[in-house]
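Below is one structure, written out as structure tokens; comments come after it.
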């Protein structure tokens, strides 16, 4: 073997090694089933590579053995196989790349998808360098994309590279999450949840803003804490109520037994006073319990109010009580208190009132200071700190900032502990805290905070300036009260206007039905109503109440919601269905203070809802309002009846002036359209010798006789279907066929009317003689002018009819040729010759001489 042969064999063996590496890569490509869409050609290539390796090894052996002919043959085979190999490799690569292009997204599509995500996303390579970010990440960090791409993940978002160590790299095979504090460009820190998902030669990092989640968790924790505090405070309150009830109940029991055992001649006034005092104490405790349910909790009563005005009004409400105790009440507004605040004003007012009353009882002859200031350290303006300070004895044995406990507060006034317990419950229901502290100078202060919020856009505050009012408003800082400042002084004067003293209006009385299942409550209400001058009936069941309603007239019904045989809501529905609520008002009364019950009653027609025990003052006010509404409804109903009567009178008057069809048209359209009528008979009736009659008789006699005659004309016109048009002096004008389009012989009705008025005139004492003329033809009808309406007709037919009447004989009905054609089938006529008619020339006229055929 020569050196040349050895070198050739070595090169062939080296080529077989290269083919072995190609076979290894092809096998790895076949294992990527999801990445390689077409695996068939690659399997063929793998087989061909193995064959080539074997051929290369055989060629090396042949070269070493020196078989030259076999070497040439193998080289030819290798050249052919090499060409086939190259062709198959190109074909397989082309199909694979084509499939990959069809099934993959473009870089723009990937970018659009990242931009559409609601989370912040980073694409990071295995070296920890950020390659792509979306817009959400730019918003979260406050930096543009150009400032983030190309930087390390530590520089961009402060995260460690998961591929930095081999231990971390081995654990990154599965997605994992953790929380991280992301620092924005402006220095703010944003809590985020980080999720890292492995990818080819890198990883995907997803950041989620969890500020809202943390805030919700914090709010939930606060709500749970407040609920626990409220529950604990309610338990303490109920224990205090039991303590407060024990003494008045024992006093009532002892005084009642003493009163029952007292001899008839004994003086029972003292025992009655004890019973009254114990009853007042018992009522106070019960009312305090009711106040908790009425004033606590619900956020529906929140509204925009003025803290300065609220403080001023609370101080004014306490001033009278303080004056009787020789004390003075002052109020102060700390600088920084917002002009308006959104919260539950009624509860805050109640708390200030109770704490103020307790402070007056603790410090008779001293000073009570009510103040409001922002909560220290709170920049949201959604919290306020109120304080009530007095110069009485210390509340606790320590100095300040202790949890307030009404059971150990040392309040010595009657009912003071109960008032403070109520205040604590109300403050907790507002989401605030309450504490007590003592300051230098033997003064005690109760602090409480209230939580509000931003006012809804639907609630806009309206400031009402009260010129002339002055108020001492000072600033408190570091425990001392400093000089007043102008801004808060103006704010303190911004209050709602005080109600002006007006004379009490006259109270209306009426008939009232009291429906209550409790005999005591029923008789008490009836007594109060009778004292006010009302007529009262009582009922204990629903059926009894309905029987009274159908038998008698009532103005107002006081209806209990709960009744033995039914409920008040069912009674209310029956009254509404039968229309009784149109003539009476219903006030619902019940000890059940539920929003659903109140809404159900109002929806079914009740005027208002009164909770038990019914306050006499509220009962008088609401009953007076109901009676006033009843009076106004009755007055409105009376006015409607009067208006209807006036309307009928106006309609009757209109139909006296105008024919019915014309009046209907005027009422419906507000105008009268002119019309042309083709077949209308016009009749004129004139009194012969009327001028001479007027000369011989007084005007009164003439008017009476003429009224009598024309009244008979109008009656006969209605009888025969002739429409009166007008009277012209002593002449009567009428027409037939005006509003009856199907009347083919209107002249016949005019003839009947004419013969009837001749007979009627003969029966009168005046024995007036008449001339009557009738003609038929087309006319135009309508109303002209704008005042003193009258329906009239015009045309040649009207003029001709008047000329026929002028040529008629006395005591006869004269008709034209056109009218004769409609009359003759029923009446005989005779010609009176040809007469000169103005505008017509000579025209033959006829008189009706015979009766009906």
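Here the Cβ of each residue, glycine as well, is placed from N, Cα and C on the backbone.
Keep in mind the model is a prediction, meaning the values are calculated, not measured.
Features of the protein shown, as given by TrEMBL:
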DOMAIN    106-154  domain 'PAS'
DOMAIN    240-452  domain 'Histidine kinase'
DOMAIN    511-627  domain 'Response regulatory'
DOMAIN    681-805  domain 'Guanylate cyclase'
MOD_RES   560  4-aspartylphosphate
TRANSMEM  6-23  transmembrane segment
TRANSMEM  44-65  transmembrane segment
TRANSMEM  71-90  transmembrane segment
Predicted model, mean pLDDT over the domain 'Histidine kinase' (240-452): 74
Tertiary neighbours of the residue listed as '4-aspartylphosphate' (same chain, Cβ under 8 Å, six or more apart): 515, 516, 517, 518, 521, 568, 588, 589, 590
Residues in the domain 'Response regulatory' (511-627) grouped by DSSP into helix, strand and remaining coil: 57 helix, 27 strand, 33 coil
For the domain 'Guanylate cyclase' (681-805), residues assigned helix / strand / coil by DSSP: 57 helix, 37 strand, 31 coil
